[in-house]
Amino acid sequence: MVDFRFEVKARDASGRIGKLTVNGKTVETPAIMPVINPKQLIVTPKELKEMGFGMIITNSYIIYKTPELREKALEVGIHKLLDYDGIIEVDSGSFQLMRYGGVEVTNREIVEFQHEIGVDIGTFLDIPTPPDAPREKAEEDLRITLERAKEAEEIKEIAMNAAVQGSTYPDLRTYAARELSRMNFEIHPIGAVVPLMESYRYRDLVDVVIASKVGLRPDRPVHLFGAGHPMIFALAVAMGIDLFDSASYALYAKDDRYMTPEGTKRLEELEYFPCSCPVCSRYTPQELREMPKEERTRLLAIHNLWVIREELNRVKQAIKEGELWRLVDERARSHPKLYAAYKRLLEYREYLEKNEPVTKASAFFKVSEEALRWPIVERARERAERVRSKFPETISHPIFGEIPKYLSLSYPFAQSEGEEDFTVEKPEKGEARKYVMAVAEYQFGEGAGEAFKDAFVELSRKTGMPRQIKAKGKHLATFRAEDGLLTLGIEGAKRLHEVLPFPRMRVVVDEDAEPFARRGKNVFAKFVVDADLNIRPYDEVLVVNRNDELLATGQTLLNGEELKIFQQGLAVKVRRGVEK
C-alpha cells in the first residue's frame, strides 16, 4: 500500500499551504525540489537537506542508462546512492524525450526500475507535447500518454506522478486532467511548460495551468514541471500550484547568472549584491568574478538556492496573512510579460472565486487598479448588491462605491485601505439589529437575516460596535471585532438551520462522525459525505447528519467541492456541538 498523504493547512487566493507525507517523510508545500544530476553535483543532496530542502528530484532514466549508477542504485537504493534521507522524486526520461526525440526504455521498464531502486515518488513515461504543436500530434501524444498512465496504474507500487499533457490546447489539458483524476495517482504535474517559461510566454502558461486545474481533483498536489525561478512563484501558487522543480539554480550559476525575486542579473553587471544570504554577505560581486570558475559556479548556485527558498517562504507567509494577491501584484511589475499573465489570471473569475477565502487576516489594500478585480472584491460587490435589495439604504465607499449601510462594519468594506479614508461609523440607536440581519444575508445567503429578526444586540462599551447577539435570553452569535462577520452559537445555528433549506451552508457527515461532532470535536474530511457547493474557504457552516439533523457549527477550511472529495485532513473546525 502506498504511504502518501496530503492535507491543506492554510490558504489564500487559489494557493494553499499543505502537509505532504510520503513514506513517513513530511514536507510543507508549496515546496521546490532542486534537480540533482547524479553525474555532476554542484551542491550535494546532503547540503540541500541542511539548507531546508526536504524534497529533491533526479532523473531515473540517467541512472538507468549509466551502468555504474544503475548497479549501485539497485544494490543500495537511491537514497544511499545520493546520500539523502528526504523525499526523492524521479522523472522518467520524458524531458529527454522532449529535448532529444527519444529514449531507450519502455514505460513498464522505467516504472518497475523506479520501484526497484526505492524512490518515493515515481513518474511514468508520458509524452510531453511542446507548445503550438499541430492538433493531431497533441491528440496522438495524449492518447499514448493516457495508455501509459493506465499501464503504470496497474503495475505501480509507489506514489506516482501522472503528468497532464495537451500542448497549448486548453480543452486537451482539461480532458487529460479529468481522465487522470479518475485513475489512482498521487500527484499531477503539468508538463511541457518549460518552453513557455523560457520564452516568457507567461500568459499562455496561465491558460495551460488553469485549464489543467479545472479538470484535476482538488485533493491531489499539483506540480509545475520545470518551474524554478522565484519570479513566478507567487503567480503560480495563486493559481493553485503546490510543487516546483528546477535545475535553474545550477544552470544559471554555470552561466554566471544571479537570481533575484524579480528576475535574473548577470554577475558582470553587479557592483553590489541586493541580498544577505551567506554567499552575498561574505563576498562582493568583484570577488566572485575573480574566483576560479568551479568555485564561482558553486557559490552562485548556493545563492540561487537561498533566493528560491526565501521567496517560497515569502509566498507562504503571504498566504498566512491573506496577502498573496498583494504579493502577486507586486511581483507582476517585475516584467511586462508577467504583468500580462497576472491580468490574464484575473479573467478566470469562476475558478478563482470558488477558492477565495471569505475573510482574511489582513485588510484589503487597493494597491493597483487590478486589485479591484481580485475575487474577494468582485464577490463582495455581488453579495452587497443582493443585500441591497432588502436593505436599500446605502453609503458611499471610496473603493467599493455605493454599499448597503448595514455592511459598513464588515469585511472587506470596513477592513480596507485606499487613497481616501473610509470612516467606520458606530451604529445609531436602534439600528444594531439591521447590521446583524444584513451581515447574515451577506455571509450566509438570501433569507439568513430572518434568523435574527428578533435579536437583541449588545454593543461594546469601549467601541460602541455590535458584539454579542441574543434572543429570549439565549446566545445566537458573536459579531466579530476583527472582520465584522458572524460566529454562530448553538441557538443561532439552530435558527439558521430552520430558515435555510437543505443543502445551504450544510456539511453532511456520516454516522461515525456524528457523536464526535455533537460533542464539539472537529470533523475530518474522510467523514464528509456531502456539502453545499456554494461553501467557500473559511465559511461558518452547519454540520448535519444524513437526515439533516443539526450536529454542530464551525468553520471550514475547504470549499464545497473540496469537502465532497478530500479524504485527508481537517474539514470543519467545530466551534460548538449540539448535544441530544
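Heads up, the Cβ atoms here are built off N, Cα and C, so glycines get one too.
Listed features, source Swiss-Prot:
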- D91: active site, nucleophile (ACT_SITE)
- D126, A192: substrate binding site (BINDING)
- C275, C277, C280: Zn(2+) binding site (BINDING)
- 504-579: domain 'PUA' (DOMAIN)
Cα-to-Cα gap, C275 (Zn(2+) binding site) vs A192 (substrate binding site), nearest whole Å: 32
With A192 (substrate binding site) as the reference Cα, tell me which of the recorded positions D91, C277, C280 is the closest one. D91
Taking only same-chain residues 6+ apart in sequence, whose CB is under 8 Å from that of D91 (active site, nucleophile), what do you get? I57, T58, N59, S60, Y61, T123
These are the binding-site residues: A192, C275, C277. Which one scores highest on other Cβ atoms within 10 Å? A192
In the predicted model, what is the mean pLDDT computed over the domain 'PUA' (504-579)? 98
Where DSSP helix means H, G or I and strand means E or B, what are the helix, strand and coil counts for the domain 'PUA' (504-579)? 14 helix, 30 strand, 32 coil
Around the C-beta of D126 (substrate binding site), how many further C-beta atoms are within 10 angstroms, looking at every protein chain? 32
CB neighbours of C280 (Zn(2+) binding site) within 10 A? 21
Between D126 (substrate binding site) and C280 (Zn(2+) binding site), how far is it from one CA atom to the other, in Å? 40
What is the set of residues, excluding C275, C277, C280, whose C-beta falls within 8 angstroms of the centroid of the C-beta atoms at the Zn(2+) site? F273, P274, S276, P278, V279, S281, H303, W306, V307
Tell me whether D126 (substrate binding site) sits in a helix, a strand or coil according to DSSP. coil
Could you check what DSSP calls C280 (Zn(2+) binding site) once collapsed to helix, strand or coil? helix
